[in-house]
């Protein structure tokens, strides 16, 4: 199903012409993150180059970034809970705080051994979410590390897996849809029990005999774009769509063969009409 020109490592380097507007950092987990809950279930290993989160019947665990970001690209490699991960959720996301918070979500919904994970994405703006798209992955995310990325610019948010775009959420403020563009956000991740809904709507429960469940993280990189220089009417750095023709073909490939839910196609959920952003062009 993959385009014939696709190889695993192709297009790993993304060309973003932002010159002095871009600040990149790739440090250690000690330097960049705080372990926030779960006691010793969250661990930083290998001199700060590896982080693990674990879940048992008592508690899950989590971490957050020391820094806040307002626009940028976030890359993290994850290896998800192996085996029977039903009932577990590994969440990796950007979020601000408060009742009108903004949020950009990756959530990995566990499943029975041999059944695929579901990758759940969502975008919250001004405290309102409900913009879910869900995907199967075209590989086993428990066997090796894979890179999950967010590009956040004032005109759009792009979700990527191994540098393949899977979703674009465009700024639709012109038609009255709030967009995350003025609240700095931290990076968060957690591994927790959600067997009330995560797997087959809660029908499959967490098998605690398989605990502890563990996910691993490495190769974090943040590339921050300066919001001070943003002018929506000028500047090639901000106007670029990020996606060339090849990327758009790969996006269509993912959405055709691996997307399993799109709120923009859910007519039963929106009997009075789809949300305004769903009626706009995709790319």
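Positions of Cβ are set from backbone N, Cα and C atoms, glycine also.
TrEMBL labels come from automatic prediction, so no person has curated them.
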**Asked** Between 12-30, 31-49, which stretch does TrEMBL give the note transmembrane segment?
**Response** 12-30
**Item:** residue 103 (active site, nucleophile), number of other Cβ atoms within 10 Å
**Value:** 18
**Message:** Just to verify a number: CA distance, residue 103 (active site, nucleophile) to residue 111 (N-linked glycosylation site), in angstrom, no decimals.
**Reply:** 25
**Prompt:** Within 10 Å of the Cβ of residue 107 (active site, proton donor), how many other Cβ atoms can be counted across all chains shown?
**Reply:** 19
**Fill in**
Cβ density check for residue 111 (N-linked glycosylation site), other Cβ within 10 Å (all protein chains) comes to 19
